[in-house]
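Chemist: Below you'll find the structure I mean.
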Amino acid sequence: MQATSNLLNLLLLSLLAGLDPSKTQISPKEGWQVYSSAQDPDGRCICTVVAPEQNLCSRDAKSRQLRQLLEKVQNMSQSIEVLNLRTQRDFQYVLKMETQMKGLKAKFRQIEDDRKTLMTKHFQELKEKMDELLPLIPVLEQYKTDAKLITQFKEEIRNLSAVLTGIQEEIGAYDYEELHQRVLSLETRLRDCMKKLTCGKLMKITGPITIKTSGTRFGAWMTDPLASEKNNRVWYMDSYTNNKIVREYKSIADFVSGAESRTYNLPFKWAGTNHVVYNGSLYFNKYQSNIIIRYSFDMGRVLAQRSLEYAGFHNVYPYTWGGFSDIDLMADEIGLWAVYATNQNAGNIVISQLNQDTLEVTKSWSTGYPKRSAGESFMICGTLYVTNSHLTGAKVYYSYSTKTSTYEYTDIPFHNQYFHISMLDYNARDRALYAWNNGHQVLFNVTLFHIIKTEDDT
């Protein structure tokens with residue numbers, strides 16, 4: 001405790017020595033620029049920013065350090081107060097035990113002098129009791145020492161708090177308010193910057209984070225990328241065939257605990273695991289057909305259905321793992337998509353953008369990548385990313401941009417923790433990949449590269 005007190009004094013002396021108003025400079029020029037963004041395992045957005053040359057007011061920095069030090073001292077003071085109360089309580093207990101021990105010791109001496117007249121059993125019991133109390137003697141001495149140190153430390157903390165408060169008052173409120181406004185301004189600019197981070201190029205996949213273990217080896221789970229921030233419903237569809245039951249949960253927490261809020265009995269069985277929920281509707285491939293179904297959760301009925309012309313189905317052009325995964329429905333920042341293969345395109349992947357209401361194809365792109373050689377695929381910002389396998393060692397191997405109608409081979413590995421992926425879909429709201437990994441529902445974080453034009457760019 002004494003060492004901690006000395007350390008605080010040294011910190012205070014160092015801080016006071018650095019407070020030189022004559023050396024402060026303020027430069028209003030700031031040029032924060034965002035380089036990239038990502039999402040950490042807790043769901044928070046991370047911006048990589050390029051800061052300008054540091055020429056900020058040193059007085060602001062000292063003021064901030066002073067406030068931080070004052071807060072730490074105040075927190076320590078509260079902790080010491082709690083420790084003091086606890087020590088005083090224990091100290092009173094030990095004093096009481098000391099009194100009892102002294103009385104017992106005197107009685108023990110008296111008994112020892114006349115032990116010949118007492119029964120051996122009683123004598124042994126008293127002796128054992130005495131042996132139990134003897135170790136309390138050094139404990140009592142230590143408590144006495146600690147109580148003195150705590151009292152001394154409390155006094156030093158009280159004095160240091162008063163000094164720091166005085167210094168803060170001498171610096172003045174103007175510097176603090178100016179620093180506070182700088183922080184608010186930076187937060188506003190970062191929020192504005194985040195609004196511009198709508199699209200980017202996939203650079204990295206990290207994870208996975210295992211949310212739950214349930215169901216069969218194959219299935220799908222998802223949230224609505226167009227839902228409000230307060231709406232975190234989860235939908236769960238187990239197996240790739242012979243099922244019509246969709247389970248709904250109000251939140252991820254309810255999903256993990258298994259607290260269902262509602263179930264839906266669809267009018268048709270689905271095929272595969274490549275369904276998507278988008279703007280309150282479920283889009284899925286009707287079993288043994290190339291028909292796409294739009295089902296409204298709120299209305300509880302089918303709103304639209306349409307055949308996807310020439311699309312292979314029923315394991316004609318599935319992903320490498322099979323499972324009637326011929327037609328993959330997905331959504332990104334741009335809208336609703338269907339990924340499939342046709343005989344006309346020699347079994348290679350076709351990308352079609354769909355009207356979310358009518359399911360009409362608004363535009364299509366034919367790629368040269370064989371659908372049967374793809375493990376899974378997903379869309380981010382109008383670019384299709386294709387994995388080369390559903391097994392261990394899988395990586396994003398190929399990408400096709402619908403904006404430029406060009407492709408490139410990539411090498412973006414990711415950890416296939418449970419060895420078999422039967423569903424992999426991007427959620428634009430969460431900036432994450434939802435996956436069904438051999439009976440485990442997992443999330444992958446994605447890192448996107450963004451190029452943002454600032455107001456200073458010409």
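Yeah, the Cβs are placed from backbone N, Cα and C, and that goes for glycine too.
Not my notes, these are from TrEMBL:
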type: SIGNAL; residues: 1-24; note: signal peptide
type: COILED; residues: 59-121; note: coiled coil
type: COILED; residues: 150-196; note: coiled coil
type: DOMAIN; residues: 198-450; note: domain 'Olfactomedin-like'
type: DISULFID; residues: C199-C381; note: disulfide bond
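I'd like to know what surrounds each of these features in this structure.
Modeler: Counting every protein chain shown, 19 other Cβ atoms lie within 10 Å of the Cβ of C381 (disulfide bond).
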Chemist: Give the mean pLDDT for the coiled coil (150-196) on the 0 to 100 scale.
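Modeler: That stretch averages a pLDDT of 63.
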Chemist: Within 10 angstroms of the C-beta of C199 (disulfide bond), what count of other C-beta atoms is obtained when all protein chains are considered?
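Modeler: There are 17 of them.
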